Amino acid sequence: MGRAEMVVGPSEKAVTVVAYHLNDAINWWDDVNKSADGQNLIFHVLAILYGVVAFVALVQLIRIQMRVPEYGWTTQKVFHFLNFFVNGVRSLVFTFRRDVQKLQPEIVQHIMLDMPSLAFFTTYALLVLFWAEIYYQARAVSTDGLRPSFFTINGVVYAIQIILWLIMWWKPIRVLVILSKMFFAGVSLFAALGFLLYGGRLFLMLQRFPVESRGRRKKLQEVGYVTTICFSCFLIRCVMMCFNAFDKAADLDVLDHPILNLIYYLLVEILPSSLVLFILRKLPPKRGITQYHPIH
């Protein structure tokens, strides 16, 4: 009687190969995370990407100002200025990421990393406000309460976050850090729902316009794309903030998670900002600017 030989089937070989490559990927991930050179490279890549987006936003702001110098700080101008500010600050933070990590007291680190996120929220909440005004004006509904609501909501968000920072400075305990991250997760969810509500309403309203309406198709695409992008980025930020709050492996505020930082900031800020700036790149007309709203 001959010896029995074990026969390895194709499926088992495939599983072995996948497991081998997965193990390699995990090892590579850990190697980069633990490498000072790998960390510096990724942080500098993020700094460059944010710098490019900030430059594009600034160029667009200058172009708009040259196109309609007679108008003051319109919604469009403020939107591009805030994009320039947010991405410019992020670029500086990642350029000096190691120095930021050494700042004392520790609350200063939280402020440097979290303040641009708050400004990002304000930037895109401004877009929701703009769409809400268009929607209600088209339905002949008063928009008098929209801007005070916008400033009130932003004021409350900033006030709560500042109070949390002050408490964390006075008593830096883990539960306050978790509370701060969960608060921002809630803010991000609120922003996502705002885009879904007013972007969706505006999209449905434009769909009801006559097919031959001038610019209807282009506006439909613009609103549809921006709504999808912004809803997705704020929803991803909300989910990631929840993981960030409770799972140390998902902590974004440390030096040894550079790959996670790269993926996170690409998905929730750099890519959305780049796409939205590209979609909204059209300059306003020189005369008859009915869609423009100066901010007082």
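Residue positions begin at 1 at the first shown residue.
From the backbone N, Cα and C atoms, a Cβ is placed for every residue, glycine too.
Here is what TrEMBL says about this protein:
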type     : residues : note
DOMAIN   : 26-296   : domain 'THH1/TOM1/TOM3'
TRANSMEM : 41-66    : transmembrane segment
TRANSMEM : 117-136  : transmembrane segment
TRANSMEM : 148-170  : transmembrane segment
TRANSMEM : 182-204  : transmembrane segment
TRANSMEM : 225-246  : transmembrane segment
TRANSMEM : 258-280  : transmembrane segment
So which of 182-204, 225-246, 258-280 has the most C-beta pairs under 8 Å when paired with the transmembrane segment (41-66)? 258-280
Grab the pLDDT values for the domain 'THH1/TOM1/TOM3' (26-296) and give me their mean, rounded. 86
